[in-house]
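Shown next, in structure tokens, is the structure this report addresses.
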Amino acid sequence: MAPKQRNAAAHSSTTTSSIAAAPSAAATAPPSSAPVAVPKSAIAKTTHAGSTQSWDKIVSNVLTHYLDTTPQRTKLLDAFMAFLVAVGALQFLYCILAGNYPFNAFLSGFAATVGQFVLTASLRIQTTEANKGDFPSVSPERAFADYVVCSLILHFFCVNFIN
Amino acid sequence: MSAEPLQGLASVGKGQSTRGLLRVIILALIAGAAISSRLFSVIRFESIIHEFDPWFNFRATKYLVANGFYNFWDWFDDRTWHPLGRVTGGTLYPGLMVTSGVIYHALRALTIPVDIRNICVLLAPAFSGLTAWAAYLLTNEMTPSSSAGLLAALFMGIAPGYISRSVAGSYDNEAIAIFLLVFTFYLWIKALKQGSMLWGALCALFYGYMVASWGGYAFITCLLPLHAFVLICMGRYSTRLYVAYTTWYALGTLASMQIPFVGFLPVKTSEHMPALGIFGFLQLLAFLDYVRSAIPSRQFQTFLWLFAGGTFGLGLLGLVIATSAGFIAPWSGRFYSLWDTGYAKIHIPIIASVSEHQPTAWPAFFFDLNMLIWLFPVGVYLCFQQLADEHVFIVVYALFGSYFAGVMVRLMLTLTPVVCVAAAMAVSALLDTYLSAKSPKPQETQAADGSEGKKAVKSGLRSTGKPVVGVYGLWGKSMMVSALAVYLLVFVLHCTWVTSNAYSSPSVVLASRLPDGSQHIIDDYREAYQWLRQNTHEDAKIMSWWDYGYQIGGMADRPTLVDNNTWNNTHIATVGKAMSSREEVSYPIMRQHEVDYVLVVFGGLLGYSGDDINKFLWMVRIAEGIWPDEVSERAFFTPRGEYRVDGEATETMKNSLMYKMSYYNYNNLFPPGQAVDRMRGARLPEVGPNLNTLEEAFTSENWIIRIYKVKDLDNLGRDHASAAAFDRGHKKKKVTKRKGPRVLRVD
């Protein structure tokens, strides 16, 4: 749990600085950055430049939104999900590079990360305030209990399958 | 003290708990009706396992009970598919056997000693009661009307489409699989409605149980993603869908991979790819959903186009590459035959030869579902009217199920639940409308209409009020209700009649009526299998067409060459070749496979249609698929294209081992020259066929089963034909010698 927490903490520490910077950047960036961008990609088409620009904007907008509205606990969940994605990607990479010989083991390992990711995502969705209307019968406590039960089932199957 | 009971009595029939109690009682009665209507076969005949596949399941269950779970899991069976054997533990769906094993041990623990055979015989009826309950639950999710659920339970309990596979003694995978199918669908709807992980996990668990029980699990694997996909296309993506689907898929796929027979199929075959695709698609959607809430809509549109287009292209490319590179197996043959009904007949005769894989005939729908089949569209229409997420499920299921039921006879089974649910919704909608005796007075409706009605009352003009629309006369209502009641009664009669006449025959034991109307039991199968059990060596190999493999294994307990688990087409084709070739060709094949006895089924004396001569063309076709230059189907037809067994049959037909074994000695039963095959209505030639390499060992009472012993090599080193000719007293050398002088004398 420790590395994850550290990860989350690092996240939040970087966030505070960028939160402060973000609104001002969002407000001032478009007029100032456009002249800068055009000379740089003078050969490239203007539409291309425009799309990259809007990409920048989209990404920065999403980031600010995330940092603004996500409570600390949910960020923990997100860190865990990022960790799972990393582990899953590593396993997949290993499978591609070194072969999938104990296919059972690879499958159950990979399925464990994917399943846990999905379950965590579900927990995250169910506990988010904005989604409360979608789940009239699922309280956050119930969501967590469900999460634990489902994880137990998942890992039982994985251990049984891993050979 | 005395006032309380009185008050309690007064509230009877109104309270919630009373209704609940009534519902439980009704459900119990429905379950009782479902179980008892399946007991015809036990009452008519006896407590016996039916047909073909159940015999294998029964044998496997006995093995499980005798040797324990782990031995069962690792069971290598050397008494089938001689000389190959079969990894039985890894190539069966263990759900059924394990279920009855658990019931057996549970009853033993309760000190109720029940024979395992009786558990196997009665398992299907018991589960049909549970299926009725599951149909009740599923229907209750669809409509607020409580009568619909009970009607659905009733329909499910007695619909012949389901009874056909679940009478007592029909100990097959479908016996428990239909319950699991309906219950999984119920859990799915529940999970989707609540968006709950727990229900999703339960759905996955029952899906896993279903995978362990029946190959038809692919139906769920395709239907749930299809439902999700349709919902997404309708713009109904919700976080509930995400939670329910991803939980089901992540857990369910893992659960399905626990079964050795399924193994890696869920990640390797194309049948399972839609589920995986929707799973990935939902992840994207969830991400997009989050992004949409984060940024203004204008930016989101550009983002969406770039992102979705790119991902879709990448995914498609990846799938194509993976399929062409062989990582994902293309669709299996049985699956192709679902799209193109002619496919199997051309490419895989072994699949087409099974009667339950044939396309359904139209009358079968009415025969199996009776009035439900015309109530079914009404129910689907009602679903369209409401069209919440769960109603979309019924619509999708109805379309999908109807198509597949039209393609394959046995998939009628998967259609039946949705027909029952939809029809129950239709009937209950009708009943709810016409059974309420209340007829609203015009003023009441006006009052209920709100402001407009009030205005009308104020103005005092009746004519300006809205006219009351609907049937409110007592006469019309009672007409409608009584018509429905008659239909329902006729439905019950039809179901009982079909069950008793069409679906309750064990097919191991045949029944016929004597001229005086009393029942006559024809028990040739068991007679012959008992003969094998008592008169042959324990390891004597029996060759027969694959239909009888499971029965020989189960009843006679003798090793067989091929059986109903048609996993090795070549081996079956070998047997087909031996049956359809001349004796000189067949004998080496039989020697190579160490065959001791050959068993054929012959219906000519009794007029029994399911005999080997009628199946013979499939043997020829399957053999021709492997040895096209040695066996030719055309050679079995007369020049006019007829399939004949009488004197005008082709030489190939007359010389084939199957023909000889069927008609050997048959003409001795009749006066000379009058031998008749009653099944095919053919007059047989005066001289019957000769058998050189086989000798008749046993023929059952009605000649249905004939068993031949394969002769050993001749002691004097002659070939069998000349040895047999010598035994018959022919001295063929002299015949040729005489010809010489006779020619001279003519000159």
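One is the number of the first residue shown, and numbering goes on along the chain from there.
Cβ from N, Cα, C; glycine included.
In TrEMBL, the feature transmembrane segment is placed on B:303-329, out of the ranges B:303-329, B:411-437. For the domain 'STT3/PglB/AglB core' (B:541-591), residue counts in helix, strand and coil come to 32 helix, 4 strand, 15 coil, using DSSP. Counting residues 6+ beyond its ends, the transmembrane segment (B:273-291) has Cβ neighbours under 8 Å at 221-222, 224-226, 228-229, 232, 237, 239, 241-242, 245-246, 249-250, 253, 266-267, 300, 303-304, 307-308, 311, 315, 319, 328 in the same chain. Cβ atoms under 8 Å from those of the transmembrane segment (B:364-384) belong to residues 142-143, 155, 159-161, 164, 391-392, 394-395, 398, 405, 409, 412, 416, 418-427, 429, 487, 490-491, 494-495, 498, 502 of the same chain, restricted to positions at least 6 beyond its ends. Looking at B:145-163, B:197-230, B:303-329, the range that has the most CB pairs within less than 8 A of the transmembrane segment (B:242-267) turns out to be B:197-230. Mean pLDDT for the domain 'STT3/PglB/AglB core' (B:541-591) in the predicted structure: 87. Among residues of the same chain six or more beyond the transmembrane segment (B:303-329), those with a C-beta under 8 A of the stretch's C-beta atoms are 268-270, 273, 277, 280, 284, 288, 291, 295.
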